[in-house]
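Comments concern the structure below.
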């Protein structure tokens, strides 16, 4: 049973995603905005977090120090960058705070640090917090088991011009879901670039293509192509609120969990399907 009023802290409160996380936290019943963080020296420090997000005055001011707000939150929501997230992870582990991590672009050492911390605190770590994307991942597993052995598999993703990592975390999660269904390791079968004289396509590989343009929120397609037919499974996001709502929902779901590493499939109970 969930406790009432799970208090959340939002990292990167002044960013595009941070503002929508604030809106989502204020809107979800059973969740309370406890703290909002920005980097040291930000012009937004001292601002009211609700007003910053266009949601009205909340009385929660934007701070730069986790120490200053450590008694004001139960779960920390972080969609920033790997180096910052890992610093926040160490703090949360030390102080017994749950985490929802939507940051992408971690190297293997960063991912291992998250796995290690989950021995002591509860963490939801996902490449994408959209309900639709996580349903898509489940569909990809099913499609791969039926068609993966004989089709050419390609993953195409598109995002806005400001995204700093490629392929996207969601595209990689798609590749991992497909590879796992085929009893493969993605690092052994992924092809991330093609140029010049590449020769014919190598059977059994999973190709990736990346687009960065304009203000595209996020579009992902997995293609299973054979001679004579092609299956495409596509997800398109038109608003970051999709991700923000999923992240705050995950924070609420963490209530009462002391430790463990989870993802959105756990939150949505997709593993039972």
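Numbers here mean position along the shown chain, with the first residue as 1.
Quick reminder: no glycine exception, Cβ is built from N, Cα and C everywhere.
Long-range Cβ proximity for residue 128 (NAD(+) binding site), meaning a same-chain Cβ under 8 A and a gap of 6 or more residues, is found for 102, 134, 169, 170, 173, 218, 243, 264. A coil conformation is recorded for residue 128 (NAD(+) binding site) in the three-state DSSP classification, outside any helix or strand. Per Swiss-Prot, NAD(+) binding site is recorded for 12, 13, 14, 15, 16, 17, 38, 102, 103, 104, 126, 127, 128, 129.
Taking a C-beta cut-off of under 8 Å and a sequence gap of six or more, residue 39 (NADP(+) binding site) has these contacts in its own chain: 64, 84. Per Swiss-Prot, the feature NADP(+) binding site maps to 39.
As annotated by Swiss-Prot, active site, proton donor/acceptor applies to 159. Residue environment of residue 159 (active site, proton donor/acceptor) contains 25 other Cβ atoms, counted within 10 Å of its Cβ in all protein chains.
Per Swiss-Prot, the feature (S)-2,3,4,5-tetrahydrodipicolinate binding site maps to 160, 169, 170; the stated evidence is sequence analysis. Under the three-state DSSP scheme, residue 169 ((S)-2,3,4,5-tetrahydrodipicolinate binding site) falls in the helix class.
The local packing around residue 163 (active site, proton donor), expressed as other Cβ atoms within 10 Å of its Cβ over all shown chains, amounts to 16. Residues or ranges marked as active site, proton donor in Swiss-Prot (evidence: sequence analysis): 163.
Other C-beta atoms found within 10 angstroms of the C-beta of residue 170 ((S)-2,3,4,5-tetrahydrodipicolinate binding site) number 27, with every protein chain shown included. Residues 12, 13, 14, 15, 16, 17, 38, 102, 103, 104, 126, 127, 128, 129, recorded as binding NAD(+), reach a greatest CA to CA spacing of 22 Å. Other than 160, 169, 170, the residues of this chain whose Cβ falls within 8 Å of the Cβ centroid of the (S)-2,3,4,5-tetrahydrodipicolinate site are, in sequence order, 104, 127, 128, 157, 159, 163, 165, 168, 171, 218, 220.
Residues within less than 8 Å, Cβ to Cβ, of residue 126 (NAD(+) binding site) and separated from it by at least 6 positions along the same chain comprise 101, 102, 134, 173, 250, 263, 264. Under DSSP, residue 159 (active site, proton donor/acceptor) is assigned to a strand (E or B) in the three-state scheme. In terms of C-alpha distance, the listed binding-site residues 12, 14, 16, 103 place 16 closest to residue 160 ((S)-2,3,4,5-tetrahydrodipicolinate binding site).
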